[in-house]
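TrEMBL annotations:
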- 50-123: domain 'Phosphoribosyl-AMP cyclohydrolase' (DOMAIN)
- Asp97, Asp99, Asp101: Mg(2+) binding site (BINDING)
- Cys98, Cys114, Cys121: Zn(2+) binding site (BINDING)
Amino acid sequence: MAESRQGGSPSTYAGESLQQVTAGETSIRYDDRGLVPVVVQQVGTGEVLMVAWANDEAVRLTFSTGTSWFWSRSRRELWNKGATSGNMQQVRRVLVDCDADTLLYEVDSPGPACHTGKRSCFFRQLTAEDDAKGEC
């Protein structure tokens, strides 16, 4: 995340110039529960590793520590991804979407991101047949 702290010239991503803002300069649009979805992506490869939820405190902790923090909706508590398993995600950049209601954390994730032990939480393919059976 050093890039976002240093300022300087905007980076490019997919051919577009990125607007450099700090968390205080843009209003993240949290939902009525005070949460925002966070897509977590492996830096360099673009692989989507997981989707989680963050509240304001989790976002602030992510910026202050450089590791990914989220809000567990089931446990109703903050959690630092990888603190228990040792697979800490080093956050390299945080992007906010055009509506400011979704965040993207670009991370260096050394190990599995999924609680199942898989690299990504997205390892199951849904087919049209599954959808017709109501199994999605």
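Residue numbering: from 1, along the chain as shown.
Cβ coordinates are placed from backbone N, Cα and C, and glycine is handled just like the others.
Bear in mind that TrEMBL entries carry predicted annotations, made automatically and left uncurated.
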>> Can you give me the residues near the recorded Mg(2+) site, meaning same chain, not Asp97, Asp99, Asp101 themselves, Cβ no more than 8 Å from the center of the site's Cβ atoms?
In response: Arg29, Val96, Cys98, Ala100, Thr102
> Average pLDDT across the domain 'Phosphoribosyl-AMP cyclohydrolase' (50-123)?
Replying inline: 96
> Between Cys121 (Zn(2+) binding site) and Asp97 (Mg(2+) binding site), what is the CA-CA distance rounded to a whole number of Å?
Replying inline: 21
>> If you count, for each of the binding-site residues Cys98, Cys114, Cys121, the other Cβ atoms lying within 10 Å of its Cβ, which residue has the minimum?
In response: Cys98
> Once near-sequence residues are set aside, which residues in the chain of Asp99 (Mg(2+) binding site), 6 or more away, have Cβ atoms under 8 Å from its Cβ?
Replying inline: Arg29
> What's the CA to CA span in angstrom from Asp101 (Mg(2+) binding site) over to Cys114 (Zn(2+) binding site)?
Replying inline: 23
>> Taking only same-chain residues 6+ apart in sequence, whose CB is under 8 Å from that of Asp97 (Mg(2+) binding site), what do you get?
In response: Leu103, Leu104
>> DSSP on the domain 'Phosphoribosyl-AMP cyclohydrolase' (50-123): how many residues come out helix, how many strand, how many coil?
In response: 10 helix, 27 strand, 37 coil
